[in-house]
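According to TrEMBL, the domain 'EIPR1-like beta-propeller' annotation covers 2-285. As annotated by TrEMBL, repeat 'WD' applies to 210-246.
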Amino acid sequence: ARALTPQTAETDAIRFLVGTQSLRYDNQIHIIDFDDENNIINKNVLLHQVGEIWHISTSPADKGVLATCYNKTSDNKVMTCAAVWRMPKELESGSHESPDDSSSNTQTLELLCHLDNTAHGNMACVMWEPMGDGKKIISLADNNILLWDLQESSAKAVLSSSAVLEGKGQLKFTSGRWSPHHNCTQIATANDTTVRGWDTRSMRQIYCIENAHGQLVRDLDFNPNKQYYLASCGDDCKVKFWDTRNVTEPVKTLEEHSHWVWNVRYNHSHDQLILTGSSDSRVILSNMVSISSEPFGHMVDDDELSDQEDQHQEEKIKEPLQDSVIATYEEHEDSVYAVEWSSADPWLFASLSYDGRLVINRVPRALKYHILL
């Protein structure tokens, strides 16, 4: 397995979706519900009969709707296609108990629509408009950016605009993220060693970070609280943080992994917490305070401090807090292809390795209280 996503529209229950990559069997989407009071994982399985899943993403507005990018073989050629699906009604919300024998009641996803890309090439990923009503979706196919409108309760996808990446050679997108800032009018894409920003209204390029990494850029993520900040990671084993207003140099570089870095994710609530997963089989949680939205810690009201404390506090506020690696998780024995924060609990995250192992972890309690208090 290599596809993992939190159920974005579900903010009460801790829930992740995993897509499998099996050549011999029907592929599946596993709905993973984590009961954190009892530390129990419940699982439901949905059949995804069209092919092995390379990417999965969920609607920000509708708990039951998701999109997958999957391989299908036709005329001896393998194509990566994308489609939008609905899960069965009774599985939409995360509160149900799962039966003991989950194999007996495997259900199938309902196909809502294909993002028809026969003309555009292989789909790399599908991104939903982050703050939207679940009607706007962007797919990256080879060197095309395609903006779709989902109509008739997502049963129909209409291509509303597109852009083509032009240049020498066979240009192909590897990944992209939709920015939650600027009224959701910007996306960032990765192709080869380059990171580009695009305006979704004009479908024109607005910035370009050439040679952002020494080798292929694998993943991107926007800081949820600072509108110009973007993280990237890649095959040069590095994670880099950029201010898109000045793209000549990264603001910070992390060099903790010893192999390709497949994923980088900002915590949605506390943007100093950064999660990365790599082919070195490790997941690393870093505390990048100096480039977070609170680089000097929480601001304290003056009324709360006595004079002596006041002076001490002022001295303390002047210097940024130190960046550090909080924890390295080594529960995986294979390449970690995906890491994701829960959309319901900001202190909880999941990681997925190629051998199909899903691990759920928490931010260490001491750090959690340090951030909160």
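Cβ atoms are placed via backbone N, Cα and C, with glycine included.
Residue counts of the repeat 'WD' (210-246) by helix, strand and coil are 0 helix, 18 strand, 19 coil (DSSP-based).
Residues belonging to the repeat 'WD' (210-246) score a mean pLDDT of 95 in the model.
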